[in-house]
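J.: My structure is below; once you've seen it, I'll send some questions.
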Amino acid sequence: MSELEIGALLFAVTFAVLFSGIPISFGLILVSIGFLYFFGDAGGLSLIPNTFVGELSNFALLTIPLFVLLGCTIGASRAGKDLYDSLHRWMCKIPGGLVIANILGCGLFAAMCGSSPATAAAIGRVGIPEMIRRNVSPRLATGAIAAGGTLGILIPPSLTFIIYGIVTHTSIARLFLAGVVPGLMLVAIFAAYAWGSSYRQLRNNPTQVIESYTLSEKMSGLIRILPFLAIIISVTVVMYGGFATPSEVAAIAAFLALVMVVVVYRTWRLTELWLIMREAVRESCMILMIVAGAAVYAYMMSYLYITQSLAEWMFSWNLGNWELILILNVFLLIAGFFLPAVSIILMSMPVILPVLVHSNIDLVWFAVMMTINLEIGLIHPPLGLNLFVIRGVAPEVPLRDVMMGALPFVGLMLFFIVLLAVFPGIATWLPVTLMGPA
Amino acid sequence: MQYFNRWVTRASTALAVIAAGLLLAATLIITWMVVKRGIGMQNSWELELSIELMIGAIFLSSPYTLATGGHVKMDLLDAILPECIKHKLAFIAKLAGCLICLYLGWEGLRMAQHAFVTGERALGIWQPLSWPKYATIPVGMFMTALQYVTSMHRELVSAPGKVNSKDETASSKDAPYCVRCDAQHKEVAACRN
Amino acid sequence: DTLKLTHQWPQGDGRDKGARHFVDEVVKHDPSFKFRIYPGASLISNPLKQIDALAGGSVDLSIFPLIYGVGKAPEFSITILPGAVNSVQDAMRLKGTDYEKRLQAVAEKQGFHILTWWWTEGGIADRVRPITTPDTVKGLKFRGADRTIDTMLKQAGASVFAMPSTELYNAMQTGVLDGLMTSYETFMSMRLYEQVKYATLGGDYTIFVVFQPLVMSTKAWNALTPAQKEIFERAADATLANFNAEQDKLKAEVVAKFKAAKVDVHQMTQAEYKQWLDLAKKTAWVDYASISPEAKGLLEAVEKLSK
Ligand code: NA
Ligand code: NA
């Protein structure tokens, strides 16, 4: 069988195995073992355990448990409820106000955290139950957080920009700056969608009670946000003041949240602490097991040369620039079905980069487009890491609903990719203005 | 078998408590590392130790995660398939999951044993020995496999077509959307076994 | 059967070019050999695990900086030991000597065979003050590279701590890190010149020289016939001139790039180098010799050649 035929078979088998109801991580390993057994050799099989563990021995990935702990600390204690009560008092007049607050929260969190699943986990853990409690439709609530969470890799700092910068010799500072405007625009687009969707729902259901609060009630709510503001400010100072790297900040934020919960909310009994910690280890285990399983799967695809053959095959067609951009985006979307963002960059850039350079395509602009495309991969099945994260933090919402909720956001992001293709300035304006032309 | 199930549940929970301790320790250590560096002192063991602790925490919490339904899966077919096929498929999926856990546990054991014999160390400034980190793999994955065994046993003894309320695949469809109630519910269910 | 070759660098990097040159040379003499190159960590995402891949037979060849194997064989530290060699040219003296034989023996024990004699240089860059002699690093926050270098820097009064390479750029930007010692390639690929003010590199002397050879798994190596082994060894030797020329070119490029970025570039003088060497001998060398009898033997081989 040729590599492309094996790839087609892999496509079918992966779907079948993952839909059987086996945990995602174990399913990915099962498929990898099977394909390396039938199409690879004993040598290929022997590195699976090392790939699995080697992937986890990475401090940047290990910030995920720390950010999850941050989310659980706020979410599993009274602190999260308080925060949303206060926000609710201010936002309840706007249709979808709380959803918009959550999307803004994702954007803010993305500015502290370089990973998308961590962003979705931290905000979703608190936000989704509170939104659903306040009659936001479960689809909108989970979809908004799944999509908002993907901004973690677009708004700096970003793990994928760092990897891309190293692989392509592009300035990481430039890439970070290029992600700012598109990130903010996506926040605005997501928020606008949440407003529109909630407005329609409200109009169809006019019996729904609209609460209202007096100014003093609003102000008293504001006081309860102060501890959170203190955390956000300290974390910003620690990170941008040169005291800690973005990864270290994860631990500091989690630590401060724990201190807040103990001091302000008096959660100091061991049983209460256990409620927080057990959620944190459960979610971390789930996310990182999937990440490690996906690394094994990516290794298998690379060992059998499937990804590379697919990319080589697509670029053998000798296309013009616009066709090339279209094909690249299609390729990235397909790759996003099965592979995590970092693996896609590592495996495909050696093939794509020469083509980009040959066609004189701006690497910074392409990085932003690629990142948004990879973000879509995080919220579409079968391997959409953010979907699983949401599933983990809100187990009562069926996966179908989470996926349906994320679908409109996939559409919005695809639309934004087109916008970015037509107006490259959206990405390149800020870095060129601040750093001069490349 | 009742006794065995209870023992497995207790051991899984105990491992999760240890994992929670490791994660908490890693958080404190990294915070301490930043403070220490901020006041001009040398960092040495902090980063490497916290990495080892977090890797250990991930593997040790795996059985508890499975027991409480935390390992996410695609349950899209649940609504479409007829009851009897669904049960068979669920059983096969569990068997496959169990075999993968045995495989990972076995390979982890080999890695731990090899690292122990050769005295392998992690890279860095402090260079801790690698085997304690690797040793958490067999412990966590074999326990996850045992957790699968109890779950498959329950599947076999319960009549097909009936939803077993104690089972980790059972989702309380009519419960309100509330994460904390759900976790509590699962915790109680797990402890009852 | 296709031989798999992995490395962690992007296409077009000096080491990637070296690997392709090697492959061409082998195929020229024996067209029956087929190779597949996986650049940029596209097969093994954690480059440290290449040593396990070689031992387990997943890959046949790798470009493997031996210091990645220090956790398994601490003797490999000799390939970064400060002052053991002072430039790429200096490292050429060690080829074919007792040093190479001893190093090869350590490598074979770990399941791989060293093919090429590829050494690369690096330097020091920071954001506080020019680094000349050891006392100028006092109080600066440095990123650790290898235990031997860390020992020396600590003795000189620097604060040394571990940091993953993906964090370097941010850390330099925000000031978590004051400076670092790394290879020219890393300076270039991570564009660290954007975030530093001073650099000590590009001269005739440096205390940062690293061995990054192309290696072959012992399994695959032993499967070759004596005639094939000779083809591989000749191909490895044939790459050396180009590889070193590439390093010289890179050295000039790095200096130009740093200067263009308005970095104050200093080239280490012989007198300054002497001070670093004396410090290294008192600290890192003593530490290294105490690792094992093999380490002691390797260090003695270096000392014998330095006389
Ligand atoms: Na971010
Ligand atoms: Na996907």
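Note that Cβ sites are derived from N, Cα and C of the backbone, with glycine treated the same way.
Heads up, here are the entries from TrEMBL:
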TRANSMEM  A:6-39  transmembrane segment
DOMAIN    A:12-426  domain 'TRAP C4-dicarboxylate transport system permease DctM subunit'
TRANSMEM  A:59-79  transmembrane segment
TRANSMEM  A:99-123  transmembrane segment
TRANSMEM  A:144-166  transmembrane segment
TRANSMEM  A:172-195  transmembrane segment
TRANSMEM  A:222-243  transmembrane segment
TRANSMEM  A:249-265  transmembrane segment
TRANSMEM  A:286-306  transmembrane segment
TRANSMEM  A:326-356  transmembrane segment
TRANSMEM  A:363-383  transmembrane segment
TRANSMEM  A:403-430  transmembrane segment
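Could you place the listed features in the three-dimensional structure?
T.: Beyond its flanks by at least six residues, the transmembrane segment (A:6-39) meets 45, 48, 52, 286, 289-290, 292-294, 296-297, 299-301, 303-304, 306, 309-310, 338, 382-383, 388 of its own chain at Cβ-Cβ distances under 8 Å.
Residues of the same chain lying 6 or more positions beyond the ends of the transmembrane segment (A:59-79) and with a Cβ under 8 Å from any Cβ of it are 113-115, 117-119, 121-126, 129, 159, 227-228, 246-247, 250-251, 253-254, 257-258, 260-261, 264-265, 267, 272, 275-277, 279-281, 283-284, 287-288, 291, 393.
Within the chain carrying the transmembrane segment (A:144-166), a Cβ under 8 angstroms from the stretch's Cβ atoms is held by residues 60, 99, 102-103, 105-107, 109-111, 113-121, 123-124, 127-128, 172, 175-177, 179-180, 182-184, 186-187, 190, 194, 246, 341-342, 345-346, 349, 367-368, 370-372, 374-376, 378-379, 384, 386-387, 389-390, 402, 405-406, 409-410, 412-413, all 6 or more beyond its ends.
Note on the transmembrane segment (A:172-195): residues 94-96, 99-100, 103-104, 106-107, 110, 140, 144, 147-148, 151, 154-158, 161-162, 164-166, 364-365, 367-368, 371-372, 408-409, 412-413, 416, 420, 426-431, 434-435, 438 of its chain, located 6 or more positions outside it, place their CB under 8 angstroms from a CB of the stretch.
Within the chain, the transmembrane segment (A:222-243) has long-range Cβ neighbours (under 8 A, six or more residues past its boundaries) at 74, 79, 82-83, 85-87, 90, 108, 112, 249, 252-253, 256-257, 260, 264.
Away from its own ends, the transmembrane segment (A:286-306) comes close to residues 3-4, 6-7, 10, 23-29, 31-32, 35-36, 39-40, 44, 47-48, 51-56, 61-62, 64-65, 68, 117, 121, 338-340, 343, 346-347, 383, 385, 388-389, 392 of its chain (Cβ-Cβ under 8 Å, at least six residues beyond either end).
Using a Cβ-Cβ cut-off under 8 Å and counting only residues 6 or more beyond its ends in the same chain, the transmembrane segment (A:326-356) has close neighbours at 11, 14, 116, 153, 159-160, 163-164, 167-168, 291, 294-295, 297-298, 301-302, 307-308, 310-312, 314-315, 317, 319, 363, 366, 369-371, 373-378, 380-383, 385, 417.
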J.: Mean pLDDT over the domain 'TRAP C4-dicarboxylate transport system permease DctM subunit' (A:12-426): what is the value?
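T.: Across the residues of the domain 'TRAP C4-dicarboxylate transport system permease DctM subunit' (A:12-426) the model's pLDDT averages 87 on the 0 to 100 scale.
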